[in-house]
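Encoded as structure tokens, the structure appears first; notes follow it.
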Amino acid sequence: MAAEKPHMNLAVIGHIDHGKSTTVGRLLFETGTVPPHIIESFRKEAESKGKGSFEFAWVMDSLKEERERGITIDIAHKRFDTDKYYFTVVDCPGHRDFVKNMITGASQADAALLVVAAPDGVMEQTKEHVFLSRTLGINQLIIGINKMDAAKYDEKRYNEVKEQLSQLLKMVGYKPDDISFIPMSAFVGDNIAKKSENTPWYKGPTVLDALNALSEPEKPTNLPMRLPIQDVYSISGIGTVPVGRVETGIMKKGMKVSFMPANKEGEIKSIEMHHEEIPQALPGDNVGFNVRGIGKGDIRRGDVCGPSDVPPTVAEEFIAQVVVLHHPSALTVGYTPVFHCHTAQIACSFVELMKKLDPRTGQVKEENPTFLKTGDAAIVKIRPTQPMVIEKVKEIPQLGRFAVRDMGSTIAAGVCMDITPKQMR
């Protein structure tokens, strides 16, 4: 078995009906990910219906039918390989939990492919998704200007849309010069896997080339070690075994650690991954570890493990930048929904609405607004109702994002800008 290629999480973003699903379908199709037996069954069906020419469209329609019948395409379909990487397509926006997943790290994207339909250009969700990507720290972006077939492969139209997008990207803080813009048609297949003869004026990479050219995500090993606890087991003959994923830094055997906000200390006796003992664990590793000096009742899910000399930060209150994604009426001071941050779920109160921002530029629109509604971006002050670990997004981004949930849906998403720490010792 060859060594596993490096893995990348790819978010496919863009306005509704601009061709996100078709683009994903085309990438799966072109990389040989749609299983041959599925293609074969469509080919037969196409022939039986007298449609001799088997087209990619059939694959897409069938995937769409599966969705409509309520069968979600399992995740195996959503993985594809390029020469350099293997990609997982993380939930696309439109899924209710997309933002929650993106923020709480269930599927932190390493890069995003923004799909913009050439006939329409920049639309409302295009702006929203670009702003969100920036807020969430997605630094690598590829832009597919899609449906070029519908725009008659017109170079002038492509340049107009590219210019609109460049303005938008600059506004939120991306550098358009570092980004690939690709004229494409996911439906026809132009410039996805191979250069299209329909765009002789375009000299740049195909979408697959651009995906291959992304830089490998760096493991945040230089940051202080942080491991949010998912579960705690008590194993006879061994003792207390917390389980979780290392988010940052390196966990080593013999390390003195603190669990916050439990405020308990211990020493790591052993670390296990996939039932094998390992001397150290790196970011992304899911591990169980045994700690000397900690009882099962001392710590729980939502606590965070870190080195005793740089323990996880417990917030008395914190200042956050939030985007209100879906609130039935208006959000005011005193509102206390549940914040999902790493593995913790804690009710937190909005104690001050400091500034309302323009969600497309991040510029201040209004000081001390009286309320926030769906679509607003703002700087707010938050006070957790119980002790909670959160870090500044600039310092430890993996623990600086959160989603706000209430009544079964994601109300808002945000990042932590500043913290008033709670004195724990």
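Even glycines carry a Cβ here, placed using N, Cα and C.
Looking at 91-94, 123-126, 275-278, 327-330, the range tied to region 'G3' in Swiss-Prot is 91-94. The range from 70-74, 95-99, 105-109 that Swiss-Prot describes as region 'G2' is residues 70-74. Other Cβ atoms within 10 Å of the Cβ of D17 (GTP binding site) number 13 in total over all chains. Counting other Cβ atoms within 10 Å of each Cβ, the binding-site residues G14, K20, S21, M148 show the lowest value at S21.
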